[in-house]
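Take a look at the structure below.
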Amino acid sequence: MNFIGSGVVFHVPSFFSELKELEKNLTAVHDRILVSDRVNILLDLHIAVDGLEEEELGAIGTTRRGIGPCYQTSRARTGIKMADVFNPEVFEQKLRRLADGFQKRFGELLKYDIEGELARFDEYRQTLSKYVVDGVAFMRSAQESNMKIVVEGANSVVTRAQAFLSNLCASWHVGRPVSVKSPVKERGSGTWRLYLFPIKQALMLDVDYGSYPFVTSSSTTLAGIIGGLALNPKNITETVGVVKAYTTRVGAGAFKTEDTEEIGTKLQEIGREWTYLGNVDWPQTPMWMLDVLDTFETIKIAIAYKIDGEELDSYPADLDILNRAEVVYHEMPGWQKPTTNARTYYDLPRAAREYVEYIEKFVGVKIKYIGTGPDREAMIQRA
């Protein structure tokens, strides 16, 4: 079962569009996805405002998908929750109040059709209701069950929580709880699992610990998972950081290890990374895309920053300091051999293993898995 937790900003048209794509290759899609009744509704209004704020405040590299403005209205307590969608009168009242506030701020610059958005939600309401559950009750029941909970996203953190006791779960349909007597069994599996997908950004885009203000509007750390899902931290048995063998960045902001010359171009072509590119900074386990580095003569690893010849103790909060900083690199020879067919750690070239082990020692984290290609099977698992 896949569950979209309460900390998410949720764009309903995108949800239905992605469901259609999933239906092309998967069965019983609609029976395996649930959405918390507490998610923040990301409106087309937020998307319209996002572009205007970029122009008003100066570009910070937003995706212009409305995420920032949606979190703003949520924190200002003027936003719309999923539960509001099923009360048409409340939904319309809140939407008109929200639109009026933005209209006063941006005037004629704001191009937004409020009547069109209201009409679309009239169409969405009935279909959407079958996916929506009481997020708190659902998570409580899941954690009181003998279930494995895997929290996963592209935010560099994967968490496995093992809960104990009896059954799954309570679901919620337009305000009325319905008991579900047995957990959902994963197709083809002999174990009971609940898969959860809460967030999708990396650490340096975290609103508190990233390169502020060039960040997303939410917490992308383990703390965001716990709060965004009502997950009891005592139930977490394993946390795994996920990184690529080289670092990329989307959007604006300081990126001291970015390479805009030959190496960066080569990484873009091989890794199909049309974002900002740089050298490895803080890898943890597992490590994806090692094969992208197969043809490089030398590999540079950023290990510190210096200001006026003195190393900084940590990544600075002051971006002016970071912009003036000098990157300290450790250089290693490349392996210049293909790793795509490697299935065990010792199938890798010696130089590739030395690269992995240097990073492992430097960050003090065991690298358990190594990705060596785009296929599912292109994965080395270390003991």
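Here the Cβ of each residue, glycine as well, is placed from N, Cα and C on the backbone.
These come from TrEMBL:
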BINDING   THR63, ARG77, GLN201, THR216  IMP binding site
BINDING   GLY371, THR372, GLY373  GTP binding site
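Shown on the structure are the features that TrEMBL records.
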{"residue": "ARG77", "record": "IMP binding site", "Cβ neighbours (10 Å)": "6"}
{"residue": "THR216", "record": "IMP binding site", "Cβ neighbours (10 Å)": "23"}
{"residue": "GLY371", "record": "GTP binding site", "Cβ neighbours (10 Å)": "20"}
{"residue": "THR372", "record": "GTP binding site", "Cβ neighbours (10 Å)": "26"}
{"residue": "GLY373", "record": "GTP binding site", "Cβ neighbours (10 Å)": "18"}
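With ARG77 (IMP binding site) as the anchor, the candidate binding-site residues are GLY371, THR372, GLY373, and the one with the nearest CA is GLY371. It is 29 Å from the Cα atom of GLY373 (GTP binding site) to that of THR216 (IMP binding site). THR216 (IMP binding site) sits 27 Å from GLY371 (GTP binding site), taking the C-alpha atoms as the reference points.
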